[in-house]
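Have a look at the structure below, then the notes.
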Amino acid sequence: MTEVPLWSLAVLPAVLGAATIVAIAFDVALSARAGGRAASLTEVVVVPLREAVRLLVGQRRVTTAADRVLWRTGVVTVPVIALLAALVLPLGGVAVADLGVGVVWFNAMEILAWAAVWMAGWGPNSVLSLVGGYRFVAQGLAYELPHMFALISAATAAGTLRVGGIVEAQSGVWFVVWMPVAFVVYLLSAVAMAFRGPFDAPTGRDLAGGAVEELSGVDRLVFQGGRWLLLVVAVAMSVPLFLGGGHGPLLPPWLWTVLKTAAVLAAVLWLRRKFPTVRMDRFAEIAWVVLIPLTILQALAVGVLVLTW
Amino acid sequence: MLSAVPAWVFGALALVSGALVFRLDSMAKVTFALLASFLFVAGEVLLLGLGYLGVVLVLMMVMEMVIMVVFMIMYMMNPAGLMPMAMFHNTRGSAAIAGGIFIALTVGIFLVDWPARAGRPPADSTLALGESLMGGQMLTMMTLGLALFATIVASVVLATHRGRYDRFGDDLRADHPDDPIPGGVGR
């Protein structure tokens, strides 16, 4: 790992922001396609931009007896934790901060989403919004343990908690080859973490938007943008953890990282339209009865392989 | 001694947010003030060079406090949840106890004849921690883990009003359990 200059701290949000905009544009194109027509390039660019501008000039909704402190804190926390989690994200062997405990740092930052979404749901003093916040806590309890076992599998195989070290350990065989369960569970939980479909019950239409119901104007822009950012960061992390990071023939490492991230992100965005929203109670039981045993077995298999091989 | 500045700042902020726990009037704000206090303590641990412990502290405390806020609001707020409440019970007594303990601990810090440092900090504190937990302290951790797990199972058993006879019928022969919430595995 090379020493990283301080200006990379300013570059990171720009790169991630660009990646997020591309992801949103791709999602707009997929939406148009689902509606039975091809989206033009201008539409793909203009629709998200227009929505952003509309939200920027939009007025803030005021609710009775709102808990403003927690509400605003919750909203701002979402993009902030996405950026903090991305500090350990390597782009072709260079991360802003390749911490010795990178995997745990990543996990700790993304778990702050629990607090953020709950606070955003609690803040406006509105029933549907509050239900949305509680739903996310329930969803968090379901996805978090399988998610942790998936992270543990990758860290165990590499023998380090440093994300750079995990990438180095995959110079031969990618981890996805011998821990496919951990990879799939990781992607599931990454989507659940950003509460994107099919795990979008916390902001479901049956709740008129749930946790985002009362958000308007710039608050909504920050929260929804942060949510997209969180999805991009969480999905991008699957590349250094399971897909060999920057490893690949011919092309430079940073390009491989970008290509792999784009491929996984596109697959996730495409797949999420294929499934209906999963209810909390269902997902909780599936997570605890099926996913946790599966990921424990995966971690066990990885542990045995590491010790014997 | 550049790290002395954030150490004092984190310490002061941890105390302030700890005090806010008793000044704020909403259980939600109180819980997150307590979380903020823990996060500042985690900052202190990080400043000590204990990366793993500090980050794990953040991880655990966020999970814990988000679950706690659910229960605290359930038990301690009026149903609407947003009406003011107070954290005080036995106001004078608890203030005296808390103040007394704080003074005793602070005085202790200055009066104890602290030993000089023997040995050096390990190159990798995470590795050292892991070796200690999985080596010398293995028995402690296993006992702790078992005790915690037994507590969880016992409290769930005590709390639930439904047993296997409610779920599978008097002769335990029902194919599908009769649960109020069906779950997703389709049993």
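Cβ coordinates are placed from backbone N, Cα and C, and glycine is handled just like the others.
Fair warning: this is a prediction, and the values are worked out from it, not measured in the lab.
Taken from TrEMBL, the feature transmembrane segment applies to A:6-30 (among others).
Long-range contacts of the transmembrane segment (A:69-91) within the same chain: residues 12-13, 15-16, 97-99, 102-103, 105-106, 109-110, 112-113, 115-124, 163-164, 167, 215, 219, 222-223, 225-227, 229-230, 232-234, 236-237, 240, 245-246, 254, 257-258, each at least 6 residues beyond the stretch ends and with a Cβ under 8 Å from a Cβ of the stretch. Under the heading transmembrane segment, TrEMBL lists A:69-91 (among others).
Away from its own ends, the transmembrane segment (A:111-137) comes close to residues 61, 63-68, 70-75, 77-78, 81, 144, 193-195, 201-204, 207-215, 223, 230, 280 of its chain (Cβ-Cβ under 8 Å, at least six residues beyond either end). What TrEMBL lists as transmembrane segment is A:111-137 (among others).
Here TrEMBL flags A:149-167 (among others) as transmembrane segment.
Here TrEMBL flags A:173-195 (among others) as transmembrane segment.
Per TrEMBL, the feature transmembrane segment maps to A:228-248 (among others).
Residues or ranges marked as transmembrane segment in TrEMBL: A:254-271 (among others).
Residues or ranges marked as transmembrane segment in TrEMBL: A:283-307 (among others).
Against the transmembrane segment (A:228-248), stretch A:173-195 has more CB pairs under 8 A than any other of A:6-30, A:149-167, A:173-195, A:254-271. Only pairs six or more apart in sequence are counted, and the transmembrane segment (A:254-271) with the transmembrane segment (A:149-167) gives fewer than three Cβ pairs under 8 Å, not enough to call it a contact. If one looks beyond the transmembrane segment (A:283-307) by at least 6 residues along the same chain, the residues whose Cβ comes under 8 Å of a Cβ in the stretch are 138-139, 141-143, 145-146, 149-150, 152-153, 156-157, 159, 178-179, 181-182, 185, 188, 192, 199.
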